[in-house]
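For reference, the structure discussed in these notes is given below.
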Amino acid sequence: MSQGEAAGLGAAKPQDQGWAWMVLLAAVVLQGLTLGFPCCIGVFFTDLQHEFQASNSETSWFPSIMVAVLHGGGPLCSILVKRFGCRFVVMLGGLLSGLGMVSSSFCKSISQLYLTAGLITGLGSCFSFQAGVTVLGYYFVRWRTLANAMASTGVSLGFTLWPLLSQYLLDEMGWRNTFLIFGGILLNGCVCGAIMRPIQLASGSLPQSAKPEEEPGSRAEEAQLSNGASPHRPTLQQHTKRTKCFQMLQKYLAFDIFCQNKGYQIYTIGVTWMMMGFALPHIYLVPYAIHNGVEERKAALLISIIGFINIFIRPLTGLLSGHRVFTGRRIYLFSLAVLLCGLSNFICVISAEFSVLILYCIILSIAMSGVGALTFQVLMDVVEMDRFSSALGLFTILESTTLLIGPPLTGLLVDITSDFHYVFYNSSFFLISAALFMGVSFCALEKKNKLRDAHLDNPSRYQYSEMLTEPKAVSQSPPAVEYITSI
């Protein structure tokens, strides 16, 4: 929260009660408007192809850019939140999202959609979602875990409602008017942001990092100047700029953690590889069903089934994984969920009957719930919380890269072969190989650390271990500004 937001307010507002629950309701709606929105793009896939005479690969770039920017814009969002505050960033995101979809309704080529619906709407969704998650950390202390879990149900609600609304509006008034209406709906993100009014923290509860840290090397430069040395000022300025740039990269893209922490290295590589195939069913399932004779309304219903089941399974999965039995073993649960996602794709290859596709959606939804509930919990387990925000920066940038290129490459393969089955073959390959890589690698890492600890006669925790994630009850200080994504 910016200093400007905290200034001018009266007595500290109570946390975990009162207006905090209105903020939570706004966060639920916000997640449905942002993370839930890309799931409906598959409904328009065939119409956009016909409108712009575009191939599968060209058309798939549009949702790929949107999802990649939504996930990879975290560092920029974090900088804006620190400078302007959560409320402003959420409202800015709502404005950008609405503007992007309104502009998309006037596009004359598929490449224009890349800019409007892909980049602008994706960036707006990123700002609204991630700043909305951050503000929950200020309003909730005791019930922070519960608040985040309840807010995530908005994603499942979005998955359920967006495809049904999309298909209805598409049938009634075409894709251009539908995109125009979507722009108006996404502008409600500004309303959600207005509800998230700034909260003044109690005295002494502000983060210790409120003051800017002294830059390394600044004292040496001051000493040179005070001792009468006459270094070249342009050189000093360039050195200062390089230092600031390095500090910025170190803060938001923690390459040092990637090089030193084997658990984080394995997990980041595994999830990045997994994302090459994870989004493919969401984009191509509706076109695949329509291509095989399923009615358009029924095809759109398939995505809604996935979202509806997620409403109930995701919170249950999060609650189950939090049990102490799974302490230090969540990575194996995560790998199992990814493996099940990959194996479920073979159901679509066997048959494209509507009843079979419903079975596929049920199994995929259960597996997706495990992936969504555990992705960032596992990351918290392998990285110390004081470096979590930095580790998350590199993590989201890398996964957004594969989210960007995965669907277009698969679309190109479908264009060459004219066979939609390759969508599910590709998805299964990336998901299954990623699951096996992470599971086997962490098992080997755990055995290696056990042998090392036994050799040193020092029963320390393994490198993959559960880190402290709960806030201290005494200070009740909000978390540092961080950017969080969800799958």
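Glycine too: its Cβ is placed from the backbone N, Cα and C atoms.
Listed features, source TrEMBL:
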- 20-451: domain 'Major facilitator superfamily (MFS) profile' (DOMAIN)
- 21-45: transmembrane segment (TRANSMEM)
- 61-81: transmembrane segment (TRANSMEM)
- 88-106: transmembrane segment (TRANSMEM)
- 112-139: transmembrane segment (TRANSMEM)
- 146-165: transmembrane segment (TRANSMEM)
- 177-196: transmembrane segment (TRANSMEM)
- 206-238: region 'Disordered' (REGION)
- 211-222: compositional bias 'Basic and acidic residues' (COMPBIAS)
- 266-287: transmembrane segment (TRANSMEM)
- 299-319: transmembrane segment (TRANSMEM)
- 331-351: transmembrane segment (TRANSMEM)
- 357-379: transmembrane segment (TRANSMEM)
- 391-410: transmembrane segment (TRANSMEM)
- 422-445: transmembrane segment (TRANSMEM)
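In the predicted model, the domain 'Major facilitator superfamily (MFS) profile' (20-451) has a mean pLDDT of 84. Contact counts against the transmembrane segment (21-45), taken as Cβ pairs under 8 Å, peak for 146-165 among the stretches 61-81, 112-139, 146-165, 177-196. Per-stretch counts of Cβ pairs under 8 Å to the transmembrane segment (61-81) identify 266-287 as the leading one among 146-165, 177-196, 266-287, 299-319. Same-chain residues lying 6 or more positions outside the transmembrane segment (266-287) and placing a CB less than 8 Å from one of its CB atoms are 38-39, 41-43, 45-46, 56, 60, 63-64, 67, 163, 258, 299-300, 302-303, 331, 338, 341-342, 345, 348, 357, 361, 364, 371, 375, 378-379, 382, 394-395, 398-399, 401-403, 405-407, 410-411, 414, 420, 423-424, 426-431, 433-435, 437-438, 441-442, 445, 487.
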